[in-house]
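Annotation source TrEMBL lists transmembrane segment at 40-59, 97-116, 123-146, 152-176, 188-211, 239-257, 269-286, 292-313.
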Amino acid sequence: MTHGTDAGQSPSGSVLGQTLMVTRRLRERLPDGITRATRVLVWTTLVVQTLVVGTGGLVRLTGSGLGCPTWPRCTADSFVSTPEMGVHGIIEFGNRLLTFVLVIVAIATFLAVLRLRNRGRGLFSIALAIGLGIPAQGVIGGITVLTGLNPYIVGLHFVVSAVLVVLSTVLVWRTYHPLDEAERSVPSSFLVLARITAVVVGITILVGIVVTGSGPHAGDQGAARNGLDPELLQHVHSWPAYTTFGLTIALVVIAARNGWTAVSRWTRVLLSAELAQIAVGLIQARTGLPEFLVGLHMVLACLLASAMTATLLSTTRRADVIRLTPAEVRRSAHVG
């Protein structure tokens, strides 16, 4: 005679078995191919990762970097901003709340690609990296506050944001272009030139971070700067920026002459991003670094990194024989 469980089976074993069964059923409900919802989620990931750069810039440019003077609490006695903290507390706390939006989107995206782990797209690994990057970014943000907005920690905070934007761009790309079905579509010489351009883009962004660390927008009136000459650094910043522009023109011309449609399209997008970034950079430098233009310059830097990533990815194309996922095969048969 048994009491609540089968003979020879412990209650804990029964619970474990039921848990595994429920988990398996839930997993089977997840998509096993690239759906419209999957693409909506990966695009949302890219948008929110770029958006948080803008809101982080808003915190900094309104002098609200220490609106919540400690971390992870907003004050020593409260996790939320209080009326006494004023608008700066609201802005900083609002920016912290966006972390939860990022986490929700990251979890939804991860679940959407969970069953695609071994499908040759790399989506699982990228989504996991983005998901892990969000709490890491939150911790760096906390260290930024605890160090009184140290300009180098602030710079690292931006670098991680740019990396997450790059990863999000790759995530979007891989939903349309499987990794293991790609072959190089350009000569190695062009690929080398594109990679050199990407390196110079990275240098441009890094130097720009140092320039910002020397300027007036520290995030708080009492925050330290890096002590470097901002006027000199602006000139230094222009060197890799114009080098990037020249290299990109070369990429545009070569791609157009050879009729590489996809590559040509993305090199033009990259060139457009650079033109916008250069224009904003010149105007802000000559108008006393107004807050709006500085914030726009920050967002454009991430869009530039995204465009450069897409340009590199466009140098591969799908092979003639495509291995579809089961869900994609069923949809193709249905359409046919």
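A Cβ is built for glycine as well, from the same backbone N, Cα and C atoms used for every other residue.
Curation plays no part in TrEMBL annotations; they are all automatic predictions.
The list of residues near the transmembrane segment (152-176) in space but at least 6 beyond its ends in sequence, with Cβ under 8 angstroms from a Cβ of it, reads 34, 38-39, 42-43, 45-46, 49-50, 52-53, 56, 60, 65, 109, 121-123, 126-127, 129-130, 133-134, 136-137, 140-141, 143-144, 205-206, 209-210, 212-213, 219, 226, 298, 301-302, 305-306, 309-310, 313. Here the transmembrane segment (40-59) does not lie next to the transmembrane segment (188-211) in space: the count of CB pairs under 8 Å, restricted to residues six or more apart, is fewer than 3. Taking pairs at least six residues apart, the transmembrane segment (188-211) and the transmembrane segment (292-313) share three or more Cβ pairs below 8 Å and count as touching.
The transmembrane segment (123-146) and the transmembrane segment (97-116) are in contact, since at least 3 Cβ pairs between them lie under 8 Å (pairs 6 or more apart in sequence).
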